[in-house]
Amino acid sequence: MDKLRITGGSPLNGEISISGAKNAALPILCAGLLTADTISLSNVPKLNDIATTLKLLSQMGVRCDRSQDNAVSITADQVTTLEAPYELVKTMRASILVLGPLLARFGEARVSLPGGCAIGQRPVDQHIQGLAALGADIKIEHGFVVARAKRLKGAVVRTDMVTVTGTENLMMAAVLAEGQTVLENAAREPEVVDLAELLIKMGAKIKGHGTDRIVIEGVDKLHGASHRVCPDRIEAGSFLCAVGAAGGSIVLRDVAPDTMGATISKLQEAGIKIECGSDWIKAGMTGRPRAVDVRTQEYPGFATDMQAQLMALDAIADGTSVIVETIFENRYMHVQELIRLGANIDIDGHTAVVRGVTRLSGATVMATDLRASASLVIAGLAAEGETIVERIYHLDRGYEKMEHKLRLLGANIERITS
Ligand code: EPZ
């Protein structure tokens, strides 16, 4: 398994491009199942999760063509199976996103239950209840979600909590349903909006995306479209935390600052000087960050996907900070590893109290999940001496060539391929 070797102490300087958003690309690829025409996508990040999704779609008979320049085309004109097998779904729970499109277009789907993951149990009960509300005959059999529907029927669907992929699954199911569907308590994430924009280009009738009430008028058929995947606001936020920890001055290109309000204001509070244009962010940091408190919330609040990265910054900040993770029940797997680097953190349920230390010291640490990996890399950039981050296959799921981009910015970091 690959590792990263980081020697801390080098400030970051220079300019990099941010990749397309993993969490937009994943549902967008699955939306290709909704038509026999070709969907042509650009700015699709080269990530393991994307590769897994393309493998899953190909196994279903979907033609997936990936060119060198982050372009992907999807043609689902010869789908041969309506099943998403456990072997693939267990490696990437976002595979559940084929459920809605398969049901909407083919009236049938058999998708393995994803199972939990390091950050939490992550059930899909809201996906199932929502599809049942749209008229699907849906049940769990031998670890699979088995769903059938002659044609889904529009309805008002209110999820018990805000669920990003739940909203995406239900939106993709509703676009071909008969009549009107209203999704209440819908997720407002920019990645949900990006999916809706693609669906509208494909002929779907959607209003209210980006708000907590999405109204969909079902249509009989969707057609092909072209779409550029939106920028990855979490990758961009991770690099902002990195310059906050390591110091220096960087420019991020191909970003959407207007989707990063909560992150930008929190990092400015921590002392990072941030300037934004329409598609770029300039960030500079000298001296020690200030400790900042945060409560993770659904968009437009501070993203749970940014919590671990901010904690790495707070670990070396001047002062004590309180972090509350309100979305997932077990998203503090990075804490024990940060403590190995010398951080002073106490966990009490969903709350972490971080007492900033002046210096972290390099050590061998183990990545446990995607954003925890980013947190450990950020901490390693600031730590004295050498840090080895093990099991970085977690990192490769969601960050395109992270060590390459950091090296471009002057970091002393290399991948050790075993
Ligand atoms: C999406 O996961 C993202 N993944 C996650 O990003 C992100 O952390 C999460 O949204 C929250 O923003 C993708 O978009 C592929 P949820 P998702 O459904 O949709 C509970 C990353 O790092 N819930 O919004 O699975 C759930 O347990 C990943 O890129 C139910 O109880 O998250 C959680 O506590 C990690 N039943 C809360 O809702 C359900 O049916 C929010 O989950 C669905 C969710």
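Keep in mind that glycine also has a Cβ here, set from the backbone N, Cα and C atoms.
All TrEMBL annotations are machine predictions without curation.
Among I272, I274, I281, I327, only I327 appears in TrEMBL as part of the UDP-N-acetyl-alpha-D-glucosamine site alongside R93, R122, P123, V124, D125, Q126, D305. Residue with the densest Cβ environment among the binding-site residues D125, D305: D305, by other Cβ atoms within 10 Å. Highlighted here are the recorded positions (N23, C117, R122, D305) whose C-beta falls below 6 Å from ligand 1: N23, R122, D305, in sequence order. Across the residues annotated as binding UDP-N-acetyl-alpha-D-glucosamine (R93, R122, P123, V124, D125, Q126, D305, I327), the two Cα atoms farthest apart lie 22 Å from each other. In the three-state DSSP reading, R93 (UDP-N-acetyl-alpha-D-glucosamine binding site) counts as helix. In terms of C-alpha distance, the listed binding-site residues R93, R122, P123, V124, D125 place R93 closest to K22 (phosphoenolpyruvate binding site). Annotated pair V124 (UDP-N-acetyl-alpha-D-glucosamine binding site) and C117 (active site, proton donor), C-alpha to C-alpha distance, rounded: 13 Å. The most densely surrounded of the binding-site residues N23, R93, P123, Q126, I327, judged by C-beta neighbours within 10 angstroms, is N23.
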